[in-house]
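Now, the feature entries from TrEMBL:
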BINDING   G12, I13, D14, G15, A16, G17, K18, T19  ATP binding site
DOMAIN    10-199  domain 'Thymidylate kinase-like'
Amino acid sequence: MMVRGKFITFEGIDGAGKTTHLDWFREQLASRLAAHGRQVVMTREPGGTPLGETLRGILLNQPMDLETEALLMFAARREHLAQVIEPALARGDWVLSDRFSDATFAYQGGGRGLPRDKLEALERWVQGGFQPDLTVLFDVPTDTASERRSSARAPDKFESESEAFFERTRSEYLRRAAESPERFFIVDSTRSIGDIREKLEEVVASI
Ligand code: TMP
């Protein structure tokens with residue numbers, strides 16, 4: 001019988017540095033899995049499907065009601081699960097996603113203040129009990145993240161949010177991590193790239 005693959009997500013506030021490590025992590029994982037004839041499917045949220053990428057363009061650029069924003073995030077996620085994540089895991093591949101539902105709790109819940117019970121209801125609807133096998137959370141103080149953001153490209157709707165917004169977003173990520181410590185690996189993203197890679201190597205070796 002085919003063994004199901006694993007689902008790994010990368011999370012963190014904008015400017016936390018997760019993108020710096022994503023491709024490298026995928027390569028590490030891919031070379032480990034190649035020996036077993038498995039592949040790594042790299043994907044992202046919002047996005048990951050043609051419909052999801054269309055929704056991403058709208059979500060990142062258009063102002064909208066907060067509940068609409070949360071519903072569209074979960075609509076894109078449902079499509080992503082059905083078209084990409086579930087089929088890949090079922091055929092034994094591993095999936096590495098740049099963000100997943102922790103981001104909705106952190107941004108729409110923590111950052112924007114949407115009540116958690118609404119997000120929990122959507123999460124149950126869209127995912128049932130499904131959660132990542134591992135979530136790597138890049139944690140960094142908001143002032144460091146804001147410095148890193150200002151040297152990047154032109155900001156989208158979320159990246160232009162205030163420092164207070166990112167404080168609330170970061171706190172909600174940390175609350176989610178404390179709630180499910182067995183699922184989360186928290187990276188101190190103030191450390192050097194070399195230090196962080198050493199930690200991530202241990203993570204890859206342990207899964
Ligand atoms: P990215 O810049 O890491 O690709 O993420 C896109 C933006 O979308 C980022 O600012 C976080 C935001 N986002 C949410 O607000 N809610 C979500 O559920 C997801 C997946 C992303």
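Here the Cβ of each residue, glycine as well, is placed from N, Cα and C on the backbone.
For the binding-site residues listed here (I13, A16), the lowest count of other CB atoms within 10 A around the CB belongs to A16. The 6 Å Cβ screen around ligand 1 retains D14 from the binding-site residues D14, G15, A16, G17, K18, ordered by sequence position. Other residues of the same chain near the ATP site, with their Cβ within 8 Å of the Cβ centroid of G12, I13, D14, G15, A16, G17, K18, T19, are F138, V140, A145, R148, S189. According to DSSP, K18 (ATP binding site) is assigned to a helical segment. Other Cβ atoms within 10 Å of the Cβ of D14 (ATP binding site), summed over all protein chains shown, number 21. Summary for the binding-site residues G12, G15, G17: the Cβ-based neighbour count within 10 Å is maximal at G12.
Around the Cβ of K18 (ATP binding site), 22 further Cβ atoms fall within 10 Å across all displayed protein chains. Here the Cβ of T19 (ATP binding site) has 14 other Cβ atoms within 10 Å, regardless of which shown protein chain they belong to. Reduced to three states, the DSSP call for G12 (ATP binding site) is strand.
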